[in-house]
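> From Swiss-Prot, for reference:
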BINDING   K38, G39, L40, V41, R42  GTP binding site
BINDING   R87, R112, D140, P141, M142, I143, A144, T145, G146, S147, T148, D209  5-phospho-alpha-D-ribose 1-diphosphate binding site
BINDING   I203, G208, D209, A210  uracil binding site
Amino acid sequence: MIKDERWEGVYSFEDSPYLMETLTDLRKISTENISFRKGLVRLGRYMGYELTKTMEFEKMPIQTPLEKTEGIFSKDRKNVVIITILRAAFPLMEGLIKNFESAKVGIVSASRGHAPDFKIEMNYIKVPQLNSEDTVIISDPMIATGSTLIRVLNEFKDSKPKRMLIVGVLAAPEGINAVKAEFPDVEIFVTKIDEKLNKDGYIVPGLGDAGDRAFGEPYKVSMLPQMHNLE
């Protein structure tokens, strides 16, 4: 894990050959949906493991079958809330949660419009109650313009959790700048920080639309405007 000196609290995993090889597979246009999903799970699992190293641990006495000794315990690891942004982040969350078995999970449906305004639409939020002991991890594969994450962070800023983290696959400097400008205390962990955004707001060289590549290109449902909350 490498701390990026351009920002406070921004880290990448460019020093991991395993993750760089996985990212290489994700970037390839020839990678099929199932392989793409599995790659996101692998990245989430590895990055989740690395996140545990940033948490507070305390010593505790334990009894083995032979004698008393000392172990460690992390209260932080037991107070994790993973917020997943539909739909691309599901495989990433699947990997993350393997390191945080007790984690609560929140779901946010948010989508970004096209250039030039990149308007964010958020039409579904279901997130557990948050408190000052929680470590909140927002999983979103791509930090492009940062507008989606800023909208999501604004929804939960008043809950004042212990830590707010963003975990992603790729980020553009423009997106990190935007998020940090509004939420300087938010920590960002990504596999790699790419070069820039193109005129359409996509990360380049990037890996394309993570949601489409993980689950397939969406069907254009003509009845969608008439659909209501299914709960």
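Even glycines carry a Cβ here, placed using N, Cα and C.
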> How big is the Cα-to-Cα gap, in Å, between R42 (GTP binding site) and G146 (5-phospho-alpha-D-ribose 1-diphosphate binding site)?
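About 24 Å separates the two Cα atoms.
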> Sorry to bug you, but what's the C-alpha spacing from M142 (5-phospho-alpha-D-ribose 1-diphosphate binding site) to I203 (uracil binding site), rounded to the closest Å?
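Cα to Cα, I203 (uracil binding site) and M142 (5-phospho-alpha-D-ribose 1-diphosphate binding site) are separated by 8 Å.
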> Could you tell me which three-state DSSP class D209 (uracil binding site) falls into?
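Coil, per DSSP.
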> What is the nearest of the binding-site residues G39, L40, V41, G208 to G146 (5-phospho-alpha-D-ribose 1-diphosphate binding site), using the Cα of each?
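Closest candidate to G146 (5-phospho-alpha-D-ribose 1-diphosphate binding site), judged by Cα separation, is G208.
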> Look at the binding-site residues D140, D209 and tell me which residue has the greatest number of other C-beta atoms within 10 angstroms of its C-beta.
D140
> Show me the subset of G39, M142, A144 whose Cα is within 10 Å of A210 (uracil binding site); these are the binding-site residues I mean.
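Candidates kept after distance check: M142.
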